[in-house]
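Colleague: Supplied in structure tokens, the structure appears directly below.
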């Protein structure tokens with residue numbers, strides 16, 4: 001993230017850590033949209049259907065993904081209105097725009113590979129659940145929808161991209177809020193956003209899928225937090241690397 005000029009409006013104010021914490025809170029709350037959709041189905045039918053019709057499943061995933069992308073974009077616009085640009089590109093601190101030396105990229109790629117390996121291997125090591133999430137998802141969809149499973153899988157990818165945009169927003173804004181609160185040079189490389197997001201998402205994973213999933217989620221988000229810091233706090237870079245990683249959780 002980087003500071004930019006404030007717009008010439010009467011209510012223009014610079015963003016502070018409270019404002020950044022508010023954006024992070026909005027991002028986290030918006031992740032609950034899936035619960036709203038599930039609750040709507042339950043209210044309309046009286047019970048959750050054993051097999052969701054293909055049309056409804058695609059509409060649900062496409063719709064949630066699109067709404068999440070709009071939420072992420074609205075948070076970016078709101079942040080820029082308060083003088084902070086979360087999409088500066090890969091710009092190292094003190095460097096020229098658009099430049100990122102090979103040592104930083106090497107560190108980013110190492111963290112990304114480590115996150116992928118953890119997401120694939122750690123759950124199997126802890127509870128014996130050796131499975132690749134996208135493959136397992138497609139197998140379930142093919143069993144339910146046959147040859148049209150690719151359409152549901154496409155909708156699932158849209159949902160994944162939208163979710164990653166919001167999760168990356170949560171990570172980025174929470175990192176800026178905590179780093180401005182703990183403003184010490186020795187702690188500037190601490191992945192505060194990864195820690196905050198990891199704890200929140202690990203708590204959800206613990207309730208939903210158990211201890212192995214919770215530990216894996218926490219470690220993966222910590223690594224994504226390191227990616228965010230080393231990329232110059234670029235929301236764009238963080239979101240791009242989050243998509244393949246979170247597809248495996």
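The backbone N, Cα and C atoms fix where each Cβ goes, glycine too.
Bear in mind that TrEMBL entries carry predicted annotations, made automatically and left uncurated.
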Colleague: Looking at 212-229, 230-247, I want to know which stretch TrEMBL calls transmembrane segment.
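Modeller: Here TrEMBL associates transmembrane segment with the stretch 212-229.
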Colleague: Can you tell me which recorded stretch out of 21-42, 54-76, 107-126, 146-174 has the most Cβ pairs within less than 8 Å of the transmembrane segment (212-229)?
Modeller: 107-126
Colleague: The transmembrane segment (54-76): which same-chain residues, six or more beyond its ends, come within Cβ distance under 8 Å?
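Modeller: Distant contacts of the transmembrane segment (54-76): 23, 26-27, 30, 33-34, 37, 86-87, 145, 148, 151-152, 154-156, 158-163, 165-166, 168-169, 173, 235, 239.
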